[in-house]
């Protein structure tokens with residue numbers, strides 16, 4: 001096997017836009033900036049908004065559900 005072909009695996013920081021710093025290890029040599037993390041993402045914070053996404057059948061029933069066939 002060849003010697004020293006593995007990349008360097010060192011410590012790095014991932015800084016979120018909310019100010020949270022995540023310390024991790026990576027082959028990437030520099031610190032990175034991320035947009036969202038588990039501290040500020042709506043799914044993890046519980047502030048997620050649910051949109052009422054009615055489908056095509058709901059729309060059809062709303063338009064034509066009151067009409068009765070003879």
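Glycine is no exception: its Cβ is also placed from the backbone N, Cα and C atoms.
Feature annotations, courtesy of Swiss-Prot:
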type    : residues       : note
BINDING : 16, 18, 37, 40 : Zn(2+) binding site
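Residue 37 (Zn(2+) binding site) falls within neither a helix nor a strand when secondary structure is assigned with DSSP, and so counts as coil. Sorted by the number of other CB atoms within 10 A, the binding-site residues 16, 18, 37, 40 start with 18, the lowest. A Cβ within 8 Å of the Cβ centre of 16, 18, 37, 40, the residues given for Zn(2+), is found for these other residues of the same chain: 17, 19, 20, 34, 35, 36, 38, 39, 41.
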